[in-house]
Amino acid sequence: MAEISDITTQTQTVVLDIENYQSIDDSRSSDLSAPLVSVSFVQKLIGEFVGTFTMIFAGCSAIVVNETYGKPVTLPGIALVWGLVVTVMIYSIGHVSGAHFNPAVSIAFASSKKFPFNQVPGYIAAQLLGSTLAAAVLRLVFHLDDDVCSLKGDVYVGTYPSNSNTTSFVMEFIATFNLMFVISAVATDKRATGSFAGIAIGATIVLDILFSGPISGASMNPARSLGPALIWGCYKDLWLYIVSPVIGALSGAWTYGLLRSTKKSYSEIIRPNCNKVSSRDRQEASQDEICVLRVVDPANQNYFICSSPTDINGKCNVTCKLA
């Protein structure tokens, strides 16, 4: 909707103009009804498949190595592996697909209008396929036998309650709530420092595994539990790892949405002292200003002209923003 319409090097003026102005509701509806059959969407699905496969293979490999070779990895090591692989995949694939790797995250994003509903089934299918294939490769590579559902055979890389179902359900809810709350904070809120989103999310996974891993297995992800369950045919208490993460993710996203919602827009809260102009006014800012930025406030659908001096490197450092 918004595009850079003019960059003048002599006066270092930056103008963000609005072409073919439309309401924020119209723009949201167009963004949330993205076509299903497109090269871009196929690329996203491939990204979700690769990211989920890598995450499950690396994380579950750490579990197998720890159980097979005398526990050299330990619980903190396993937690660190999961956190690191998620962080790496976020920075590798986040710009392609959004790096969900988790059906609960995709559903929560869609419920909070941060992701198109019609793309959720495709994302979930790609995530489940990646998880299932990763579990199959793990079983083949490590020669894990069939008698794992009883927990008396070789290592089972799936998840199962080591305590009561109620306790495990609550732990999965809390862990997934924490994860989705952090994801919503660092990945969807412009007030956050987006470049550190991957680190924050990875660190949250490490912490969640440390406190919930010994109790529920710290799934936080229906695909993470479903893939191994399908390969080994272990379905006992599987519902717990589908229902609880989805409820936890929805609750985390909605709770952060309450923090985001205010009577004033985000721009009005932290960006004061700008000269307001009409949404139909094409008036340019004073050429006496060194840096000029024209933006639109989605809440009020009005234009604002903002300006500030350059920084010590001669670059525009716009500190005067919406009001």
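A Cβ is built for glycine as well, from the same backbone N, Cα and C atoms used for every other residue.
Taken verbatim from Swiss-Prot:
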MOD_RES   Met1  N-acetylmethionine
TRANSMEM  45-65  transmembrane segment
TRANSMEM  73-93  transmembrane segment
TRANSMEM  122-142  transmembrane segment
TRANSMEM  167-187  transmembrane segment
TRANSMEM  196-216  transmembrane segment
TRANSMEM  239-259  transmembrane segment
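Taking every recorded stretch in 45-65, 167-187, 196-216 and counting its Cβ pairs under 8 Å to the transmembrane segment (122-142), the highest total belongs to 45-65. When each of 45-65, 73-93, 167-187, 196-216 is scored by its Cβ pairs under 8 Å to the transmembrane segment (239-259), the top-ranked stretch turns out to be 167-187.
Outside the transmembrane segment (73-93) by six or more residues, the chain places 47-48, 50-51, 54-55, 58-59, 61-63, 65-66, 99, 101, 197-199, 201-207, 209-210, 213-214, 218 with a CB less than 8 A from a CB of the stretch.
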